[in-house]
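Enquirer: Look at TrEMBL and you will find B:1-121 tagged as region 'RU A'. Marked as substrate binding site by TrEMBL: B:Arg70, B:Ser101, B:Gly102, B:Arg215, B:Ser253, B:Ser254, B:Arg350, B:Ser369, B:Gly370. Feature annotation from TrEMBL assigns active site, nucleophile to B:Ser253. Taken from TrEMBL, the feature region 'RU C' applies to B:276-390. Look at TrEMBL and you will find B:Glu323, B:Ala372, B:Gln375, B:Gly376, B:Pro377, B:Gly380 tagged as Mg(2+) binding site.
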There are 4 protein chains.
Amino acid sequence: MDAHTLLPPGIAPTQAATRPRLAVHRLPMAHPGDLSALAALFDQGAIEPAQVVAVIGKTEGNGGVNDFTRGYFTQTLMSLLAARLGRPAAELLRELPCILSGGTEGVLSPHYVVFARSGRPAADAAAGPGPGALAIGTAVSAPLPAQHVGRWAQVASVAGAVREAMRGSGIARAEDVAFVQVKCPCVTAARAQAAAAAGHTVLTADSGRSMAAARAAGAFGVAIALGELPDDPALEAAMLLDFERFSRRASISSGVEVEANEVIVLGHSAAWEGTLRMACAPMRDALDIGAVAEALRPLGMNAAPQLSAADAARVAAVFVKCEPDRRGHVRGARHTMLDDTDINAQRHIRGAVGGMVAGVLGDARIFVSGGAEHQGPDGGGLVAVIAHAA
Amino acid sequence: MDAHTLLPPGIAPTQAATRPRLAVHRLPMAHPGDLSALAALFDQGAIEPAQVVAVIGKTEGNGGVNDFTRGYFTQTLMSLLAARLGRPAAELLRELPCILSGGTEGVLSPHYVVFARSGRPAADAAAGPGPGALAIGTAVSAPLPAQHVGRWAQVASVAGAVREAMRGSGIARAEDVAFVQVKCPCVTAARAQAAAAAGHTVLTADSGRSMAAARAAGAFGVAIALGELPDDPALEAAMLLDFERFSRRASISSGVEVEANEVIVLGHSAAWEGTLRMACAPMRDALDIGAVAEALRPLGMNAAPQLSAADAARVAAVFVKCEPDRRGHVRGARHTMLDDTDINAQRHIRGAVGGMVAGVLGDARIFVSGGAEHQGPDGGGLVAVIAHAA
Amino acid sequence: MDAHTLLPPGIAPTQAATRPRLAVHRLPMAHPGDLSALAALFDQGAIEPAQVVAVIGKTEGNGGVNDFTRGYFTQTLMSLLAARLGRPAAELLRELPCILSGGTEGVLSPHYVVFARSGRPAADAAAGPGPGALAIGTAVSAPLPAQHVGRWAQVASVAGAVREAMRGSGIARAEDVAFVQVKCPCVTAARAQAAAAAGHTVLTADSGRSMAAARAAGAFGVAIALGELPDDPALEAAMLLDFERFSRRASISSGVEVEANEVIVLGHSAAWEGTLRMACAPMRDALDIGAVAEALRPLGMNAAPQLSAADAARVAAVFVKCEPDRRGHVRGARHTMLDDTDINAQRHIRGAVGGMVAGVLGDARIFVSGGAEHQGPDGGGLVAVIAHAA
Amino acid sequence: MDAHTLLPPGIAPTQAATRPRLAVHRLPMAHPGDLSALAALFDQGAIEPAQVVAVIGKTEGNGGVNDFTRGYFTQTLMSLLAARLGRPAAELLRELPCILSGGTEGVLSPHYVVFARSGRPAADAAAGPGPGALAIGTAVSAPLPAQHVGRWAQVASVAGAVREAMRGSGIARAEDVAFVQVKCPCVTAARAQAAAAAGHTVLTADSGRSMAAARAAGAFGVAIALGELPDDPALEAAMLLDFERFSRRASISSGVEVEANEVIVLGHSAAWEGTLRMACAPMRDALDIGAVAEALRPLGMNAAPQLSAADAARVAAVFVKCEPDRRGHVRGARHTMLDDTDINAQRHIRGAVGGMVAGVLGDARIFVSGGAEHQGPDGGGLVAVIAHAA
């Protein structure tokens with residue numbers, strides 16, 4: 001899917017820009033069915049509905065298999081867009097990546113980031129290279145059968161979608177990609193039953209484990225598309241086993257509410273204009289506060305220990321992946337996340353790393369997603385920041 | 001109780017020091033009944049059992065009414081000391097403050113801090129003032145009836161215990177007190193029934209709320225003893241209502257496993273010797289990473305953004321109080337801690353603030369206790385650090 | 001609201017029945033946004049969309065303040081009906097009671113009960129009394145301000161809505177009412193802030209407690225309308241205090257997703273026809289398995305110990321209210337529901353009583369709602385069964 | 001271990017009975033460290049400490065890996081017995097089975113069942129067969145290395161311990177065994193690390209899954225010892241896969257607090273005297289209330305629908321195993337236990353089945369243990385009752 005296909009045919013872009021331009025809106029929600037902030041932007045004319053190319057959000061569920069806040073938000077978003085665009089919601093659902101991570105543990109605040117694209121399609125943009133700006137491309141794969149979840153078929157599906165998204169974005173080279181966000185389907189008890197009835201074997205019928213396997217496959221898919229790992233099916237054996245193999249720019253979520261791999265690619269392109277820039281840094285463990293500084297530095301920001309109000313105002317969105325260290329220790333000290341029957345380990349780690357990153361930023365509107373298998377160093381993850389140039 | 005009464009009568013201190021000296025040991029535990037690290041220090045002669053004057057620990061329960069990890073640890077500790085000292089465990093239990101906070105959310109690591117005092121009793125110490133060092137005093141109040149929990153009777157009981165602990169410590173002035181840790185009893189369903197049967201009315205039979213009320217009473221007790229608030233029973237009406245009134249140095253826990261108010265006072269005294277120093281800073285909200293820097297500064301340490309390995313090695317213990325903002329927002333962004341039926345709000349905030357402080361320190365062995373009512377600014381709390389002089 | 005106003009004006013009932021008739025459909029859902037079973041009934045012509053007068057369902061959230069499965073289901077239901085009826089969803093939302101209880105603990109199965117009414121409006125029905133059948137009436141009150149929650153204003157609002165629903169139902173006398181289901185709004189942190197900003201004082205800003213207060217007010221409202229309690233504002237002081245005062249036929253839920261009191265009255269009326277009958281029995285405590293037998297007996301069914309397959313096939317729906325005994329004991333044995341920081345007490349009791357009732361019925365599709373304050377005996381609740389005559 | 005070795009050498013049994021006799025005491029606890037009810041029985045002379053041969057209890061933790069209520073109770077019990085018997089607690093811990101299941105969901109009441117044996121050792125008992133009575137035998141295996149957990153080595157260890165316990169009990173034939181309770185060690189993150197460091201591979205490092213594997217191994221061990229399954233190592237492949245293979249009399253718990261397999265065998269023996277009898281029935285699913293009736297019938301009791309007070313007074317103890325159906329349905333209705341990130345599936349099922357059984361018995365002091373893999377029919381479990389003859 002090329003992002004600009006969302007422009008209704010025959011409707012010219014409202015701005016006479018010669019280059020495409022990305023706008024990023026970070027919006028609050030009162031509950032997972034509250035899209036009033038986006039509706040208000042539509043009403044004010046700040047965004048045109050047809051400009052919305054992707055949404056990434058943090059809803060207040062538990063982030064697990066039975067987190068229905070993601071489905072609720074998605075249904076509400078698609079209803080809103082369908083009403084404004086005069087298109088069927090089911091059609092939008094298949095085209096528009098809406099990637100949600102459930103779980104606002106600790107200080108984390110429910111919010112969503114709307115990516116809106118204006119200006120000409122990338123293909124028609126002025127020939128000569130400009131100073132460039134942050135660009136976006138999106139793609140949604142074909143629906144993924146349950147028996148493919150966590151296997152090489154899913155890796156290949158994600159890699160293909162990343163390449164398609166890059167093509168549509170005008171991001172010229174893999175090294176220009178700053179960050180790739182993917183949402184992958186997982187196996188539920190019901191889907192496992194259905195696959196079994198159809199004669200297929202799922203990798204695991206345990207929904208929690210299937211989410212981990214799906215995230216691993218997504219990370220490998222991104223890594224292959226970006227040239228971080230070779231495109232070799234033998235690598236399937238490394239998934240969830242060899243954590244030295246990872247992408248430095250992939251952020252993968254998995255959930256019951258999607259049936260296809262949804263991909264959002266963000267990176268810099270000379271064909272785009274605007275003031276937005278993005279940087280991403282790997283986190284080596286859950287205490288790696290230095291990774292936040294490292295992600296802020298290329299954007300010309302320094303937190304000492306917290307961003308100044310002026311710098312904080314430049315920040316448009318923050319994305320974090322993290323993981324409860326599977327070896328049971330953080331810098332030699334035992335943690336209890338993996339042996340806790342009361343609170344899911346991913347909820348634990350999101351709250352802790354979210355608190356740390358929010359402290360540096362001085363802002364609780366941080367997208368923090370657990371399950372960072374092969375997304376950044378083992379036991380760590382990564383942190384990415386979108387900000388306006390100073 | 002004067003801390004040095006723990007020295008068995010007739011047994012001279014083993015060190016010929018002319019001044020009392022405090023040692024602080026931060027020890028790991030494999031589970032709440034694991035005191036093997038302390039037993040090893042006894043076996044090695046690093047600490048004499050009679051030198052132990054207080055223990056503050058973080059166990060891996062839920063921190064709520066039904067958190068039995070605190071009772072389990074306490075029983076194990078008292079058994080160990082009883083066996084080594086040849087004294088009844090029940091007697092030690094009444095004398096030795098063992099203050100535990102349950103809940104090691106996120107990266108927080110189960111650990112305990114043993115305060116061991118060697119050298120002469122403060123009263124016998126060399127007359128002339130020296131450069132001074134960190135000093136300790138402890139006290140345990142009379143058992144507190146359930147009907148006094150959260151009321152002025154508890155405030156007075158705590159204030160009296162703080163004053164008694166100061167007298168025994170050689171800390172000359174209230175302004176020399178760096179930090180006061182208190183553990184207060186609360187009301188359980190069973191205790192409420194018993195009090196009602198005896199014709200008494202408890203403030204609340206809801207155990208969660210009684211823990212909050214007990215913490216408020218403890219904070220007021222400390223504030224009065226330190227001169228931060230006037231000793232006026234009319235202040236009872238301000239408890240849990242007027243959060244502009246708070247102590248800047250009080251850290252209060254509450255739990256079902258204690259029946260009396262247990263107090264540990266830490267501060268600087270010219271009568272003590274050693275390299276330990278302590279500093280405490282108020283946190284204005286859950287994102288106040290600057291408070292950590294403020295607590296480190298008087299100790300000659302700077303985190304940029306994390307402590308250096310050399311400085312981290314100087315840190316002996318860290319104590320944090322924090323609170324889910326009761327107004328439902330942190331710096332304007334909605335948080336979900338107070339409306340969450342799945343995870344207790346105190347568990348949320350401990351994980352988040354613990355993650356932030358651990359990130360700055362580069363160490364997950366942080367004592368973080370929720371329920372900071374009147375302990376630091378409303379919606380915030382405080383952070384205290386013990387470190388060796390450079 | 002009179003239930004038959006849902007018939008679009010000018011459209012005559014499709015059936016030439018001389019009396020109104022109630023149909024009850026108990027339908028499964030795959031997730032809270034899955035209304036496909038109802039859509040299929042519409043497609044098959046088994047129900048006409050305009051015949052739907054009320055829905056009662058059990059969704060798989062946590063049943064607490066942050067349970068968004070109720071809102072998700074409601075939005076999906078109203079979208080479906082709006083599309084089929086050609087009416088705005090917002091308008092249907094104000095007219096059609098959709099009362100959901102979150103929480104399918106243990107064996108409980110997510111399901112919803114659709115009440116569909118066919119035949120003539122009650123007012124036009126054949127004059128002479130017939131043998132009668134189960135009848136339904138519904139009403140939705142005006143929106144209830146947050147400051148009225150849990151107070152007499154809410155009691156009066158609910159009582160008025162019950163009377164209005166009875167009037168529309170053709171149920172002649174209060175004693176003919178078998179069961180009243182109510183959904184009441186509660187106070188959230190956000191609503192409390194808004195009310196305070198407008199100069200109002202809410203009974204409690206603690207959302208969990210406000211839900212309890214709202215349920216108490218709902219129960220008193222029903223009891224007054226049915227003549228079980230006198231209509232005396234002085235009774236406000238008895239709410240959540242004097243549990244000897246209760247309704248034997250009220251089932252009240254409370255949640256964030258409604259803003260008005262929604263009422264469904266079920267009872268027997270000579271003006272209605274059909275095979276459905278209903279019975280309701282009080283439960284004296286959480287072990288009162290005899291109450292289930294008592295509710296089955298008037299319907300001609302006997303569980304020994306479980307319903308036969310033939311009798312189970314006659315059952316159309318089952319509704320249960322229950323409560324964790326606030327005194328901390330069940331028949332002298334201590335329970336741990338009230339002191340549990342990990343699992344909400346209402347989740348505990350729903351799972352236990354649901355397991356017991358499902359065992360007797362041999363069916364896990366039981367609507368079990370916690371929070372039975374003043375709905376049946378203290379520490380117990382009530383159980384109601386709709387079944388076809390043998 | 002032969003149970004009567006607990007009699008201190010040289011101390012003759014206080015009763016001149018010619019046959020051994022079992023007494024069963026079901027005792028309440030106020031918290032997991034409260035053994036005061038047993039201490040009181042000792043003080044009253046109702047039980048001699050040396051007569052205690054086994055304890056089975058239900059503590060109020062979460063029943064998972066981080067449930068420390070079991071260790072806390074065990075430590076307290078062994079301390080009490082050590083003090084009364086003048087023997088080291090560590091030695092008692094190796095000899096005396098203390099089998100605890102954490103989790104008192106719903107109405108379940110924390111309690112423990114003390115098995116006390118008086119009279120002569122079985123071997124010395126009067127030669128001629130009498131009418132017989134309930135008999136007990138116990139054994140504790142050698143410590144089980146982490147790498148054996150869930151494998152055939154554990155099956156063999158459990159089978160051996162069951163045979164040893166039978167030999168010491170005087171229960172003549174496998175068919176006379178009514179019930180076998182086993183507690184098996186599992187793998188924790190720490191133990192997995194240790195095993196890996198020693199060059200061993202554990203079946204799974206996921207502690208939750210290792211508990212399931214340990215329970216399966218325990219069930220196979222019992223089934224082999226009782227002749228329910230052949231003693232064939234090829235059966236290892238059937239564990240956790242072929243659920244048609246199960247024991248009808250095995251109840252297995254697993255937890256972090258034990259290092260060896262602990263076994264309690266209960267059955268009828270002509271060599272014993274007394275009024276106690278036991279019966280056990282398989283449950284085919286979580287709604288099988290008929291299984292409770294089936295277990296009561298051989299004991300001459302009929303619940304219609306609840307036991308009479310007279311019959312309830314005859315009941316000495318009740319033990320239940322149950323399981324959330326792994327296929328996601330109970331009698332065709334979807335359940336949500338397996339996909340719930342907030343509440344562990346075993347907690348769900350214990351609450352539901354516990355509620356059902358407690359309803360029939362009219363008593364909440366029911367031992368209900370989740371994780372019934374190969375213990376009764378797939379998706380069901382079993383229920384066992386000890387009662388005095390009428």
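Every residue gets a Cβ built from N, Cα and C, even glycine.
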Enquirer: Looking only at C-alpha atoms, tell me how far B:Ser253 (substrate binding site) is from B:Gly380 (Mg(2+) binding site), rounded to the nearest Å.
Expert: 16
Enquirer: Just name the winner among B:Ser253, B:Gln375 (the binding-site residues) by count of other CB atoms within 10 A of its CB.
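Expert: Of the binding-site residues B:Ser253, B:Gln375, the highest Cβ count within 10 Å belongs to B:Gln375.
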Enquirer: Where among the binding-site residues B:Gly102, B:Gly370, B:Gly376, B:Pro377, B:Gly380 do you find the Cβ with the fewest other Cβ atoms within 10 Å?
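Expert: Minimum Cβ neighbour count within 10 Å, taken over the binding-site residues B:Gly102, B:Gly370, B:Gly376, B:Pro377, B:Gly380, occurs at B:Pro377.
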Enquirer: Using the CB centroid of B:Glu323, B:Ala372, B:Gln375, B:Gly376, B:Pro377, B:Gly380 as the Mg(2+) site centre, which other residues of the same chain sit with their CB within 8 A?
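Expert: My list of surrounding residues reads B:Phe246, B:Pro282, B:Met283, B:Lys321, B:Cys322, B:Glu373, B:His374, B:Asp378, B:Gly379, B:Gly381, B:Leu382.
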Enquirer: Work through the binding-site residues one by one (B:Arg70, B:Gly102, B:Arg350, B:Gly370) and name whichever has its CA nearest to the CA of B:Gly376 (Mg(2+) binding site).
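Expert: Of all the candidates listed, B:Gly370 is nearest in space.
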Enquirer: Per DSSP, how many helix, strand and coil residues does the region 'RU C' (B:276-390) have?
Expert: 37 helix, 31 strand, 47 coil
Enquirer: What whole-number Å value do you get for the CA-CA distance of B:Gly102 (substrate binding site) and B:Glu323 (Mg(2+) binding site)?
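Expert: B:Gly102 (substrate binding site) to B:Glu323 (Mg(2+) binding site), Cα-Cα distance: 15 Å.
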Enquirer: Let me know the most crowded of the binding-site residues, choosing from B:Arg70, B:Glu323, B:Arg350, B:Ala372 and counting other Cβ atoms within 10 Å.
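Expert: Compared across B:Arg70, B:Glu323, B:Arg350, B:Ala372, the most Cβ atoms within 10 Å surround B:Arg350.
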Enquirer: Whole-number Å distance between the CA of B:Pro377 (Mg(2+) binding site) and the CA of B:Arg70 (substrate binding site)?
Expert: 27
Enquirer: Given the substrate binding site residues B:Arg70, B:Ser101, B:Gly102, B:Arg215, B:Ser253, B:Ser254, B:Arg350, B:Ser369, B:Gly370 in the record, what is the largest Cα to Cα distance, rounded to whole Å?
Expert: 17
Enquirer: Compute the mean position of the Cβ atoms of B:Arg70, B:Ser101, B:Gly102, B:Arg215, B:Ser253, B:Ser254, B:Arg350, B:Ser369, B:Gly370, which form the recorded substrate site, and then list in sequence order the other residues of that chain whose Cβ is within 8 Å of it.
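Expert: Here the nearby residues are B:Gly63, B:Leu100, B:Gly103, B:Gly255, B:Gln346, B:Gly371.
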Enquirer: Using a 10 Å cut-off between Cα atoms, which of these binding-site residues sit near B:Arg350 (substrate binding site): B:Glu323, B:Ala372, B:Gln375, B:Gly380?
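Expert: Checking each Cα against B:Arg350 (substrate binding site), the hits are B:Glu323.
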Enquirer: Select from the binding-site residues B:Arg70, B:Ala372, B:Pro377: which have any Cβ-Cβ contact with chain C shorter than 8 Å?
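Expert: It is none; no candidate comes close enough.
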Enquirer: Give me the DSSP three-state residue breakdown of the region 'RU A' (B:1-121), ordered helix, strand, coil.
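Expert: Breakdown, helix to coil: 40 helix, 29 strand, 52 coil.
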Enquirer: B:Ala372 (Mg(2+) binding site) to B:Arg70 (substrate binding site): how many Å between their Cα atoms?
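Expert: Rounded to a whole number, the Cα-Cα distance is 19 Å.
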